[in-house]
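Everything on this sheet refers to the single structure shown next.
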Amino acid sequence: MNVLPCSINTLKGLYDISEVEVGQHFYWQIGGFQVHAQVLITSWVVIAILLGSAAIAVRNPQTIPTDGQNFFEYVLEFIRDLTKTQIGEEYGPWVPFIGTMFLFIFVSNWSGALLPRKIIQLPHGELAAPTNDINTTVALALLTSVAYFYAGLTKKGLGYFGKYIQPTPILLPINILEDFTKPLSLSFRLFGNILADELVVVVLVSLVPLVVPIPVMFLGLFTSGIQALIFATLAAAYIGESMEGHH
């Protein structure tokens, strides 16, 4: 007697999954350029959260820190220690860059997991983490590439390019290729992990909308934090490597 309703529910779940679309974007025309509006919206939300948190952190600091001040100081110390471990004693100027990368990616990843997808209706596509878009992750990876080239050239001048023929000129093509594989690996690792996590949650919510997706969502939060840490650690390691001149 209950076979037909169960079959209908199963078919409905499969139909909901068939509606999950990848690569659907809501576009804005800005100055003759076509931009992904949902990426800009969520990026602005992330930037607003970070700027608001920074304003709160520096407002009225106490000699005896409050719980909130302790939290912000812990975050700063964590970023400083991460940068120092990878870059070395000349880490100071790079703390803002590595910190910005880590915090932007961390909050972006969490925004995709915590921000209700249906709370804002868009003509096409849905809100998602900025790091769910390959354009964002490629831009972050290219910024990292510019940063480690700048670090190497600032430290060594034109002598920085001598690393391409070390330890032997035979490795010149491989060393040049490495400069292309670094941003590729950074961008695709971050993009793939965040996209896969959000798709898994969407599919599970379509099938079993109550209890089952919750553990996966918590796992996604953990994975999102790990991906931000990996990106920031590798960015700092590349900068330190360019300044030291060894692999």
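Quick reminder: no glycine exception, Cβ is built from N, Cα and C everywhere.
Lifted from Swiss-Prot, the feature list:
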- 38-58: transmembrane segment (TRANSMEM)
- 95-115: transmembrane segment (TRANSMEM)
- 134-154: transmembrane segment (TRANSMEM)
- 199-219: transmembrane segment (TRANSMEM)
- 220-240: transmembrane segment (TRANSMEM)
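When the stretches 38-58, 95-115, 134-154 are ranked by Cβ pairs under 8 Å to the transmembrane segment (220-240), first place goes to 95-115.
Long-range neighbours of the transmembrane segment (134-154) within the same chain, counting only residues 6 or more positions beyond its ends whose Cβ lies under 8 Å from a Cβ of the stretch, are 36, 39, 43, 94, 97, 101, 104-105, 108, 160, 163, 179, 182-184, 186-188, 190-191, 231, 234-235, 238-239, 241-243, 245.
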